[in-house]
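Q: What follows is a structure written as structure tokens; I'll ask about it next.
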Amino acid sequence: MERPLVVSALENQVKARPVPRHVGIIMDGNGRWAESRGLDRLEGHREGSSSVREVTRTARRVGIQALTLYAFSSQNWARPAEEVAGLMDLLRDYLERERAEILDNGIRLNAVGDVGRLPRFVREPLDRLIADSAHNTGMVLSLALSYGGREEILHAASRMAEAISRGELLAGRVEEADFESFLWTNGLPPLDLVVRTSGEQRVSNFLLWQMAYAELCFTDALWPDFRTDEFLRCVSQYQQRERRFGLTSAQVKREDTPQRAKA
Ligand code: FPP
């Protein structure tokens, strides 16, 4: 049975201020979590699925519009075959188990990445849940699957070149928004905050284009230990930052600075 939810003071404090619209998370440290307990690495990924559930619920409760989780990178295909197979099984289990909760809570599921590479037993429940949740407007949960930021940029560049060759776009007149429309993240709000767990401080090919003006939060917690309070602490840190987008602090504080530049 679910335990009744006790909303913490931290959560109330976070809810009282503007929350980031779009948060991306590099979920790292599952392997170390398991190995430090003498367990198989897959046990770490399994426990990490519980963090996925808890952080998604919390993000939804505090009013985040978009949450993007780095679940499997383009480079992760090169891990030992057993680990890749175990991760694919976990993804399928997650999509089956969380289906009702996603649909009942107004969450729209989305995937970013070269999802055509996923095995059919993952792609089918993924496509089904994406289609069945398409009308939901509460929060977009994007799973980055077979995802790499460089791969995304290359893919977008080649699709844009095709559009130019069809005469749909003028080569010398391409604007940022034109290019963004070819990215896998097209339609998602600008990325405001990126969290990385496990004490590593690098971006590992995650949302490279989108990260240009994102705030970063690095935490030592391993992903399976990263739950509601750790997530709220990152959001709270974000709320204390001044985002300047290349302007001066005085400009940002001025009432007449366009909202978009302040956002
Ligand atoms: C990185 O930890 C994590 C991954 C490569 C996979 C992330 C997968 C999950 C959290 C579970 C399944 C996902 C969903 C959406 C249900 P690592 O293995 O690199 O850890 P390490 O650096 O400690 O070895």
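Yeah, the Cβs are placed from backbone N, Cα and C, and that goes for glycine too.
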Q: Which of ARG53, ARG196 does TrEMBL put in the same substrate site as GLY29, ASN30, GLY31, ARG32, TRP33, ARG41, HIS45, TRP77, ARG79, ARG202, VAL203, SER204?
A: ARG196
Q: Looking at the recorded positions GLY29, HIS45, ASN76, ARG202, SER204, GLU215, which have a C-beta within less than 6 Å of some atom in ligand 1?
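A: So the answer is GLY29, HIS45, ASN76.
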Q: Run through the Cβ atoms and count how many others sit within 10 Å of the one on ASP28 (active site).
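A: A count of 22.
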Q: When the Cα of HIS45 (substrate binding site) is compared with the Cα of each of the recorded positions ASP28, ASN76, GLU215, which one is closest?
A: ASP28
